[in-house]
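Colleague: Take this structure first; my questions come after.
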Amino acid sequence: MKELRVDSITNDLVILAYDRAKRPLDKVKVEIEEEITNEYEKECPFCRENENLTTEETSRIEINNKWITRSVYNKYPIIDNLNECIYGEHEVIIDTYRHNGSFFNMSYEEYEALFKMYKDRYQALKEDKKIEYITIFKNFLRKAGASLAHPHSQIMSLSLIPPEVKNEISVAKEYYEKNGNCLYENIISNEIKEKKRIIHNGSKFLVIAPYASKYSGEIRIFFKEKIRFEEISEEDIKELSIIVKKLFENIYNVNGYSPFNMCIHTHPLKCSSEKYFNVHIHIIPRKFNFGGFEVGSDMYVSSSEPEALAQKIKFD
């Protein structure tokens, strides 16, 4: 059975073709990265006690006088503050001091410290008046673009708004102007009403397997409140930490130690988009690459049924 769906936040066209998950391609042997077991690696620049191997530190969060997470300048930045054409800063946030730490096994305290660091660095980087947007993202394992094994995230300040985010905001604004209400509020209320794609419904956050997504198996976390990312409260961070910890434990139970990307889509700094746009997090498993059809048509094929995925991963 094939089905054509539209991703409501991007207007992407997605063909659901569940039987493609069984195609012979899936049986081709691929290189699988083994789960790391050692807590400390002598030559790893991101391990605790190896601080001299990193670039200049920009911030740290400590517990009992030992850092849990720290941020440093990226040694190989995508952008820098020396170029007027594309201006900004690029930092690495070390998720945890543990070399064998990952989103699949981090403690609640580690998650809470990490989300606090995201907020702290976001607030610091937004002070530069040239900056239009701040992006926070994570690559886990080589297939998802990670160059180092030690778990880390990245934060970049940009003198422009990325096209993906600009498109989401444009779609949301057009919807608001046409219908007089918020697209994101409608998505949240409709998903809660239908229930079948909900993974978790919290007081401040809704976790779903989206109705349509160009990335097969994607999960989204929607902020229910109309706040900017830098306005997230300590209580919100606590709830988000609990949710993400449980979510990745369940993902591990289904997919194992697997590659993924995570990106947080926030409000542009100089745009008042709160009335029609909600902060949200994309979690994207990296099972497959785009083929010629996707690249050549700007349409996408998903072999993952969102409703079935939600049932596998859902939690209270």
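Yeah, the Cβs are placed from backbone N, Cα and C, and that goes for glycine too.
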Colleague: For the Fe cation site that TrEMBL assigns to His265, His280, His282, which of Glu132, Glu168, Glu174 is also named?
Modeller: Glu168
Colleague: According to TrEMBL, Cys44, Cys47, His99 bind Zn(2+); which one of His150, His152 is annotated to that same site?
Modeller: His150
Colleague: Let me know how many other Cβ atoms fall within 10 Å of the Cβ of Glu168 (Fe cation binding site).
Modeller: 21
Colleague: Between 0 and 100, where does the mean pLDDT of the domain 'Galactose-1-phosphate uridyl transferase N-terminal' (3-162) sit?
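Modeller: Mean per-residue confidence for the domain 'Galactose-1-phosphate uridyl transferase N-terminal' (3-162): 90 out of 100.
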Colleague: If one measures from the C-alpha of His265 (Fe cation binding site) to the C-alpha of His99 (Zn(2+) binding site), what distance in angstrom results, rounded to a whole number?
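Modeller: So the alpha carbons of His265 (Fe cation binding site) and His99 (Zn(2+) binding site) sit roughly 27 Å from each other.
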Colleague: Counting only residues 6+ away in sequence within the same chain, which have a CB under 8 Å from the CB of Cys47 (Zn(2+) binding site)?
Modeller: Tyr40, Glu41, Tyr97, His99, His150
Colleague: Can you tell me which of the binding-site residues Cys44, Glu168, His280, His282 is spatially closest to His152 (active site, tele-UMP-histidine intermediate)? Compare CA atoms only.
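Modeller: Out of the listed candidates, the nearest Cα belongs to Cys44.
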Colleague: Within 10 Å of the Cβ of Cys44 (Zn(2+) binding site), how many other Cβ atoms can be counted across all chains shown?
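Modeller: Taking all protein chains shown, Cys44 (Zn(2+) binding site) has 15 Cβ neighbours within 10 Å.
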